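Worksheet: the structure to be examined is printed underneath.
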């Protein structure tokens, strides 16, 4: 039996760190779908295409995104940390509201998640990409906590950032992600919500692992 784990939640809720650790501890594949939206958003912005442009579908037909090992490739070129900036996150949110972008990436994500045990994280994993997931988790935390986490993460990478600006961006992304017409950020009816505001990463991971071991019958 394949063990499929969906981890959804807003920006800065800890999805990426938690999902990576769970995949590592279980020895199964990991997919960061948010990275794909960052890749596409940054690319489309770089070539001057607006988020609501009617030409996006034609452009995406010539775009090739691959996930090999633990790395992403855009048109044959390995993608680096440029997709981890706050600006790339904003582009991801803006272009994700375009139905053509979501259709393009959802198709790729569904293919990656099929016929394997995997931990996939994003904003619509449990509702759209992997509705048949064995375990669905929805992580939440206050905007202030999420902004602080993102601030510390980016500072550790020697990026010049402002906490106030990150908080503003997170609140804007929450609004965009929750209110978009296509695949908005919503908790799946059968997802288990975990508030990570006052929990360490290790505590969140252990909580989820307990659920996974029971649902996936892992000893």
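For all residues, glycine too, the Cβ spot is worked out from N, Cα and C.
According to Swiss-Prot, the protein carries these features:
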- 9, 10, 11, 12, 13, 14, 15, 16, 17: ATP binding site (BINDING)
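Here the features listed in Swiss-Prot are placed on the structure.
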{"residue": "9", "record": "ATP binding site", "Cβ contacts under 8 Å, 6 or more apart": "15, 123, 138, 139, 140"}
{"residue": "11", "record": "ATP binding site", "Cβ contacts under 8 Å, 6 or more apart": "89, 93, 146, 150, 170, 173, 174, 177"}
{"residue": "13", "record": "ATP binding site", "Cβ contacts under 8 Å, 6 or more apart": "139, 140, 141, 146, 196"}
{"residue": "17", "record": "ATP binding site", "Cβ contacts under 8 Å, 6 or more apart": "201"}
Number of other Cβ atoms within 10 Å of the Cβ of residue 15 (ATP binding site) across all protein chains: 25
Where residue 17 (ATP binding site) falls in three-state DSSP terms: helix
Environment of 9, 10, 11, 12, 13, 14, 15, 16, 17, the listed ATP site - residues of the same chain whose CB lies within 8 A of the CB centroid: 18, 121, 139, 141, 146, 196
Residue 11 (ATP binding site): secondary structure state under DSSP, collapsed to three categories: coil
